[in-house]
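Taken from Swiss-Prot, the feature active site, proton acceptor applies to 200. Marked as NADP(+) binding site by Swiss-Prot: 46, 47, 48, 49, 50, 51, 52. Taken from Swiss-Prot, the feature substrate binding site covers 175.
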């Protein structure tokens, strides 16, 4: 027992000693474009913390007017204040957006459209992960409702503003977890069977399929769209899982920081020449492969139609 404990102690001591080298290896790609954004308007959901906050910070540093769209306005204002000071850009604004409530989504969109005549970048970044079973205000399973349907509706409501501002981009933050996901059309609300882990994976697959179908429907409009995997990042998303919280504490020296996790979102929002890759999936600032389910055009179209039906909208 003592020998085993000693070996484990030595192993973890060694890991932490070489952590800087390991982290450098796993830090991933870097957005290298120097594009500046004066006069450009950006909306980022969930930008009060984590990857979204770092994405907002970078875009604000390039001169964009950035809207932090989040549920907790107080946390949003705290993040915005910090970003304004860091970037010397006063045009960092906070607006309430609760993706678990379609009334809130519609109210946000109505307010934004009244304020702004243009929208150049929409980053659908917010999300939930491994929540206990619950439903949104509209009766959707929470992962499906927040991670997919909420952003689906938001994009629909803001799309005409994106079109008149073209060239414009929509970035959907997905995850490598989509490889495990499937779309359970027979039980979309997980009422028959629920696994918090699989529910998250299913919603991330929905993000990739939405991106694929959206790109097809946006051809010729000047609006392009991309799905991204940010990497394994220190994040508040794991707060609903005590096991993941423990693992995060143990392995935090080896995972990406929020700033590193933001790089692929920034790349897809800013990099020149990505238009031919609209609808594709990116990781570490380069296109990468998706699961066979994520390449299924029939599933993508069916999900689109079912999403419209659930939300009560017509989106041809």
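One is the number of the first residue shown, and numbering goes on along the chain from there.
Glycine residues also receive a Cβ, built from the backbone N, Cα and C atoms like all the rest.
Annotated features, which come from Swiss-Prot, shown on the structure.
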| residue | record | Cβ within 10 Å |
| --- | --- | --- |
| 46 | NADP(+) binding site | 29 |
| 47 | NADP(+) binding site | 31 |
| 48 | NADP(+) binding site | 25 |
| 49 | NADP(+) binding site | 20 |
| 50 | NADP(+) binding site | 24 |
| 51 | NADP(+) binding site | 32 |
| 52 | NADP(+) binding site | 27 |
| 175 | substrate binding site | 26 |
| 200 | active site, proton acceptor | 26 |
Pairwise Cα distance for residue 47 (NADP(+) binding site)/the residue listed as 'active site, proton acceptor' [Å, integer]: 20
DSSP three-state assignment (helix, strand or coil) for residue 51 (NADP(+) binding site): helix
Shell list (NADP(+); ref centroid = CB of 46, 47, 48, 49, 50, 51, 52; cutoff 8 A): 44, 53, 54, 55, 56, 70, 79, 125, 126, 258
Residue 175 (substrate binding site) and residue 200 (active site, proton acceptor), distance between Cα atoms, whole Å: 10
